[in-house]
Structure formats: C-alpha cells, structure tokens
Amino acid sequence: MVLLALPLIIPACSSSSYVDTDGPDPASLLNHDDPHQPLLIRNNHQMESNAMMLKPMELQMQGNCCGTIVSKGYLVALGEEHSAKKLIWCVDFWLYYTAYFCGATVGLVYSNNLGQIAQSLHQQSQLTMLLIAYSSCSFFGRLLSALPDILHRKVPLARTGWLAAALVPMPMAFFLMWNQQDASTLVAGTTLVGLSSGFIFAAAMSVTSELFGPNSIGVNHNILITNIPLGSLLYGQIAAMVYDGNGQKMTVVDNWTGIVDTMIMCMGVKCYSTTFFVWACITILGLASSIVLFIRTKPAYSTAASWSSCKHHHQVSS
C-alpha cells in the first residue's frame, strides 16, 4: 500500500526538479524568489567552469585504458540537447545502450520463455506462481523507480547510480537459477528479474531526458529501445540453440486434422542451465557498463546538486 501511494506524493517532492534548456544566468539564481526555479542549469559559463574543475580528474585517469573510457567526452551538465547524429557519437549513449541491452532486455526475454522453462523443469504447477511473481514484481519495480525523485535531497545519488543499483539483482538471479533449479529458486529468481527489469523500464525515460535533453527524448528514446527487438532475437536464439541441442525429436499427431508433425522436446535442468549461465554473464556486462556510465556522469549530477543546494540555502536564509 505504501508503494501504491508513492506516485501520489511524487509531484510535491519533485516540483522543483525540472530541466531548463534555455540556460538562465547563474548569477541570478541566488536572487530569485521563484520556488519553481529549475535545479538543473546549463549554460556556456557553467560548462566552461565545470570543465576547468574536472580537468585534473581527467588528467589523472588518462594513464590507463579504463581511465580513458571513463574520462573521455564526459557530460559537463545535464539536459544538453543531443540530435540523433550527435547521439550515436556519444560514448555515454553506448554505455547506456549496453546497460539496457544487457540488462532489462534479458529480463524481458526471460519472461517470454517462462512457460517453456517451467515445462522443461517439471514445474508446470508453478507456472501461475511464476507469472504472478514476475508481473507483480515488475509492477512494484516500476513504482520503486520513483525513489530517485523522492529521495533526491536525502540521498543525492545520480539517477545513473540508481540504474546501476537496479541491475545488481539481475546477474544474481541468473546465477542462482543456474546453480539450482527447484521451485523456490525459480520463484526467487523470477522475483529479482521482475524487480530489476521493471525499475529499468520505468526509469529509462527520465535517464534519457536528463542525459541527452528533454526536447529530443522522443527520437533518442526510440533509438535506445531498438535494443529490445535485437536483444529478443539474440537472447531468444541462444535459448533456442541450447534447448534444441539438448532435446529429442518427437512425433506429434494433431487429433483434429490428422497432420503428423515433428518437434523437439527437452526435459530436465540441461535445457536451460547453459542459457542461465550465458544470460548471467551478459547481465554482468550490462552492470559494468552502467557503473562506468555512473562514474562518467556523476560530475554533472554533482554540479546540478550543488546549484540546488545553493538555491535551497538562499531560500532558507531569506
């Protein structure tokens, strides 16, 4: 009931969390009495000053390969508009794309295979429970995606940090189901996958808007979700290859038409054990990409938080 009530209080908690792309003057920020003054400010003066402050960090990281990936072309401020052409040349976008492609999309493919997974593991009686666990936890995961807006003052963690945290349960779930495939383990793993994928699906729009601009979100987000059909094809093909490789051909006769057909049936833990392991490794890659994205975008979120703190301090003192 508490989670269901969260959407009702989000507008009040985040009424001042808008992104301004017109670039107001920072000097006027402390002298503005409007309670709806945007927290996220972008202009050339601010971007230049932030670049100067972050330059030492970039120089320190250039000594190794990972440092180059983390520091090269990082965001200086949130809300900068990215055209489609600029988007595909942005390192942060491909990190974000990989995190989504190797995270939430894997969870979606898992849900699409739940029926066959339960049948192969002799858990047909638990199929209803598995579907309920996934759908309900996906729903509550979507509600939990509101936490960054509600706790942005008490827990000033970048939204990309929440994204990385949401991906943590995904590899845990698949490694758990790879190691043991009984009824309780399937329910626990399905619960974790549902929570993780639901959170990412709901939070993706906000992350896209903050990182690549609110005005271009329609085009940019549609480019992002091209990973869903691609991932469904790739991960579904992996599952099919493992399933067919461990299955046996069976002849089936349709009682209505009398047509004889040949199909492959696989029963036992061997049908999806390798698939779960491969999916777990893929989600680890998604988690790693989200962590790198968080490190790269943390300075931009810190800058936005500092402007928010200054505005709040001025309102209290006045």
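One is the number of the first residue shown, and numbering goes on along the chain from there.
Cβ atoms are placed via backbone N, Cα and C, with glycine included.
Since this is a predicted model, take the numbers as computed values, not measurements.
Residues or ranges marked as domain 'NFD4 C-terminal' in TrEMBL: 80-302.
Taken from TrEMBL, the feature signal peptide covers 1-15.
Residues or ranges marked as transmembrane segment in TrEMBL: 94-115 (among others).
According to TrEMBL, the transmembrane segment annotation covers 127-148 (among others).
The transmembrane segment annotation in TrEMBL covers 160-178 (among others).
If you look up TrEMBL, you'll see 185-205 (among others) marked as transmembrane segment.
Taken from TrEMBL, the feature transmembrane segment applies to 276-295 (among others).
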- Item | Average model confidence [pLDDT] within the domain 'NFD4 C-terminal' (80-302) | 88
- Note on the structure: Top stretch by Cβ pairs under 8 Å to the transmembrane segment (185-205) (candidates 127-148, 160-178, 276-295) is 127-148
- Chain residues outside the transmembrane segment (94-115) and at least six past its termini with a C-beta under 8 angstroms from it: 127, 130-131, 134, 138, 163-164, 167, 170, 174, 190, 193-194, 196-197, 200-201, 204, 207-208, 211, 224-225, 227-228, 230-232, 235-236, 239, 272, 279, 282-283, 285-287, 289-290, 292-293, 296
